[in-house]
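The structure under discussion appears below in the form of structure tokens.
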Amino acid sequence: LYHKYLDDQQIRRGQVLKKGSQPLMDYYDNFYIGNVTIGTPDQTLSLLLDTGSSNLWVIDADCDSNACGGYLTGLFTKYGFNSTKSSSLSTQNTTLFILYESGEWCGGPLVNDVVSFAGNHLIERQGFVTAIDIADIYGYMPLDGILGMGWPALSVGQDTTPMQNILPSLDAPLFTIWMDRKLSPSMGGNDGLITYGAIDTANCHSEINYVPLTSESYWQFPVDGFSIGIFSDARRGQVGAISDSGSSWIWVPTPVMDGIVNQTGAFYDQTNQVYAVPCSTMMVQPDLEFTINGIKYTVPSVEYVLDFGLGPEEVKCILAIFEIKAGGFGPDWIFSDTWIRTFCNIYDFGQKRIGFATAIHSRI
């Protein structure tokens, strides 16, 4: 039905198809944020562009909680969306609560307004939440909200998703995400790109390996095996992973986390609740090796050992890897920004597949 929707929209619009690109701002190689304009006149907001969800929400300017104001004083200013200043806004006379599997949440009135992103692609009537209550963790993140780029099945509520609205106007129903890597702590600056309707040939190598999706909800695909150093985790049956640009670190099963800690010599930093290694080992830790659809993919340690400036160089680089606790109904693995920095991800709605191409970096 979703593919029929795309075909019908293509015919109805009868317009010249387009492609576009959108720079991403890089915060500590931990958050990649894009500017989105909403309302009339335009209000520019910095949003997390998230392939792991499908709703659009923004902090309402009237939200008076500490989280809405932000805790990153001097590092990032949260602006919020002032709905009273938009002449094109209409209300839906209802509210919506969005709860993510990771536990974050937001809630507030549902409205419709003009939204522009994806290289100035304009959506004249996009439904979204103006959040007046948000999870406290968002106060520590350099964002004004989230724009979901997943499949319609992930959407909460009845509104057409932003991606559903722009796909029919693109040259092809796909987009490419490329993320760059900085070797030292940095706040902001254009160090990533989303290319809509086309493959990013400037930042991604030409060889692309495609994998069929196992569902049309998350960007989910099977993983055959994993190894690091002398540790390996090969499953008789394939396990599931998702590509999630809204997550900063790779999430792995508990036995794999134990193996990674053992092979890297990492120790647990109780204060920051992360695994840490000496920064001097950033380039020499063993590779993460994944087997997907019979092809081996290597993530070097320079991609998963990050310097957040947490302390002396000899002790305070972190492993950008988290443990997924057993017992949930979600995926076995979450391949996040750490993965996307290493391999450009091509999200193909039309062919129901995801592609991986080695990313090009100038600094590593």
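Placement of Cβ uses the backbone N, Cα and C atoms for every residue, glycine included.
Here's what TrEMBL has on this protein:
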| type | residues | note |
| --- | --- | --- |
| ACT_SITE | ASP50 | active site |
| ACT_SITE | ASP244 | active site |
| DISULFID | CYS279-CYS317 | disulfide bond |
| DOMAIN | 32-357 | domain 'Peptidase A1' |
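This view paints the features noted in TrEMBL onto the structure.
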residue: ASP50; record: active site; Cβ neighbours (10 Å): 21
residue: ASP244; record: active site; Cβ neighbours (10 Å): 27
residue: CYS279; record: disulfide bond; Cβ neighbours (10 Å): 21
residue: CYS317; record: disulfide bond; Cβ neighbours (10 Å): 25
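The subset of recorded positions (ASP50, CYS279, CYS317) lying with their Cα within 10 Å of the Cα of ASP244 (active site) consists of ASP50, given in sequence order. For ASP50 (active site) paired with CYS317 (disulfide bond), the C-alpha to C-alpha distance reads 26 Å.
Along the domain 'Peptidase A1' (32-357), the predicted structure has mean pLDDT 92.
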